[in-house]
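Copied over from Swiss-Prot:
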- 29: site 'Transition state stabilizer' (SITE)
- 64, 65, 86, 190: substrate binding site (BINDING)
- 253: site 'Transition state stabilizer' (SITE)
């Protein structure tokens, strides 16, 4: 058990970071195992509430892949992914929107409010927050040819209107956002939550983007637990993707970090959401954790 002196030392260590990030917007992409394990849910959302109480402006963009997959199984539909993105036909899109907006989003809002924060749930369709066009994914065949794959109602964000989020922040609430966008004809699009978080972070002029995932960060060699890449420069990314060091679902996470950096976000981080209070460890301690992706 920590002594009072050890607890005081922790607070003293955090003070410079509380001052540094006071009044700053920090976008958190909430996903992975941290959305499934009840104690981790509590830890992540408690972190967000604490951040708000010390003067920061946390914004949560959540995923929901496992719960979507489970719901699709219930109705007898298989899940298929291309380049880390879910192939989404019309029926699947209805289920995606139902799960993300109707179930997960409201559950997060309810828990934050119970912990002691004040949260407001939004989807990308509210006030035209995320406007999108159909996205096509480039894939490489076993023969090495590059082809374009049709992945259905998966959208690419064409415009972000952050005013509704800024208004919610200004009124003292924590925005919680489901990554569903609206198309030119009013159709719904499934947006990868990593991309949504990156684009929103840039549009808000956020100081930091944090992406929670189910690994320690980006590993140079996944068979070697000691090969964590603590700092990754943008110029190194294409080579790591080509070599397969960055692949699958990690590709959109890294790409969204690069997009956010290009849009003016100061720092981006990929953290292990399985570690309790990983967000606080990154923000309020000298060492930090995970992989920082920088220009």
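In case you wondered, yes, glycine gets a Cβ from its N, Cα and C as well.
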*Collapsed DSSP category at residue 64 (substrate binding site)*: coil
*How far apart, in angstrom, are the most distant Cα atoms among the substrate-binding residues 64, 65, 86, 190?*
12
*Other Cβ atoms within 10 Å is the metric here; tell me which of the recorded positions 29, 86, 253 scores highest.*
29
*Could you state the CA-to-CA distance between residue 253 (site 'Transition state stabilizer') and residue 190 (substrate binding site) to the nearest Å?*
16
*Determine which residues of this chain, when 64, 65, 86, 190 are set aside, have a Cβ within 8 Å of the centroid of the substrate site's Cβ atoms, and list them as they appear in the sequence.*
63, 68, 69, 88, 96, 100, 192, 193
*Could you state the whole-number distance in Å separating the C-alpha atoms of residue 86 (substrate binding site) and residue 29 (site 'Transition state stabilizer')?*
17
*What is the number of other Cβ atoms found within 10 Å of the Cβ of residue 65 (substrate binding site)?*
19
_Cα-to-Cα gap, residue 65 (substrate binding site) vs residue 29 (site 'Transition state stabilizer'), nearest whole Å_ = 13
